[in-house]
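Data block below; observations after.
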Amino acid sequence: MINNKPIIGIPIGDPAGVGPEIVVKSLTQAEIYEKCNPILIGDAKVIKQAMGFCNVNLNINSIKKVDEGKFTLGTIDLIDLNNIDIDELKIGKVQGIAGKAAFEYIKKSVEMAKEGELDAIATTPINKESLREGNVNYIGHTEILADLTDTEDPLTMFEVRGMRVFFLTRHVSLRKACDLVTKERVLDYIIRCSEALEKLGVKDGKMAVAGLNPHSGEHGLFGDEEMKAVVPAIEEAQKMGYKVEGPIGADSVFHLALKGRYNSVLSLYHDQGHIATKTLDFERTIAVTNGMPILRTSVDHGTAFDIAGTGQASSVSMVEAIILAAKYSPKFKK
């Protein structure tokens with residue numbers, strides 16, 4: 001039975017990691033069903049095993065189509081791909097069968113989202129080594145999703161307690177990140193981040209651009225990247241009509257955003273934004289992938305092989321990712 005709540009697809013991730021466990025725990029929470037209709041994409045055998053690890057007793061409703069879902073607390077609605085030999089699965093270990101299965105869960109989720117069966121997807125952890133062992137030639141979720149949706153350059157946003165953070169650079173050295181702070185790149189990201197916010201239905205407020213150097217360079221005393229690149233980019237963006245301010249010192253900009261002065265912050269390098277969000281609330285820092293024709297949220301932790309199978313993994317991040325997907329999906333513009 002389908003109601004008017006958003007339908008959120010949840011691929012269960014690497015079946016040898018904590019993904020199945022955090023999903024099972026999440027679906028014991030009434031809040032999830034109050035805000036959305038969750039559907040798992042995975043393997044019934046893996047879910048049953050995860051329930052055993054977590055000492056959780058839920059019914060499994062294996063379905064072929066979304067409209068067969070019950071969407072009631074106490075029942076897991078599952079698209080069962082039946083693609084794992086549970087006797088061969090080694091919990092907490094890198095293995096090709098797990099990587100291949102995880103990829104198939106993602107692929108099915110994307111297909112359903114592209115066909116309009118899902119309003120968004122909330123993804124669970126996968127393992128890069130297991131993908132490689134399974135001959136899946138991607139390094140992670142974002143690359144898989146980009147390829148499956150024909151998206152050239154997806155944009156990552158973190159959200160925690162209402163604070164949104166974008167990243168000018170991500171997985172590059174700090175030295176290279178400084179070299180990538182150019183007027184052209186900063187302007188491009190201001191435009192793209194503004195468009196991403198609009199797609200999510202965020203229309204009020206201004207974006208802030210963080211400074212790179214101490215005190216945003218102090219007029220060139222501590223570095224000139226702000227004077228040469230950041231300020232000219234912001235001024236040009238303002239002339240184009242974009243609501244943006246900065247550069248604002250990184251020691252205060254996140255505090256100001258959290259207080260509501262800004263609707264988002266453009267962080268200039270990986271750790272600048274990661275430290276701010278994860279110090280605020282590590283478990284509730286959720287990644288939102290923008291720029292694709294589908295909406296995707298994700299936990300920001302890994303497969304945690306060291307505790308997989310113990311039932312110890314916290315589901316706080318997973319619950320938050322599902323709820324955030326439900327929050328944005330009614331406003332999301334493809």
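Just so it is clear, glycine is given a Cβ too, placed from its N, Cα and C backbone atoms.
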Checklist entry - Given Swiss-Prot annotates HIS141, THR142, LYS278 as substrate-binding, which of ARG161, ARG164, ARG296 belongs to that site as well? => result ARG296
Checklist entry - Out of these binding-site residues, HIS141, HIS171, LYS278, which one has the fewest other C-beta atoms within 10 Å of its own C-beta? => result HIS171
Next on the checklist: Of the residues named as substrate binders, HIS141, THR142, LYS278, ARG296, how far apart in Å are the Cα atoms of the most distant pair?
Outcome noted: 20
Next on the checklist: Helix, strand or coil for HIS171 (divalent metal cation binding site)? Use DSSP.
Outcome noted: coil
Item to check | Between HIS171 (divalent metal cation binding site) and THR142 (substrate binding site): CA-CA distance (Å) | outcome: 13
Item to check | Listed in sequence order, residues with CB under 8 A of ARG296 (substrate binding site) and six or more positions away | outcome: ALA120, ILE121, ALA122, THR123, LEU145, VAL288, THR289, ALA325
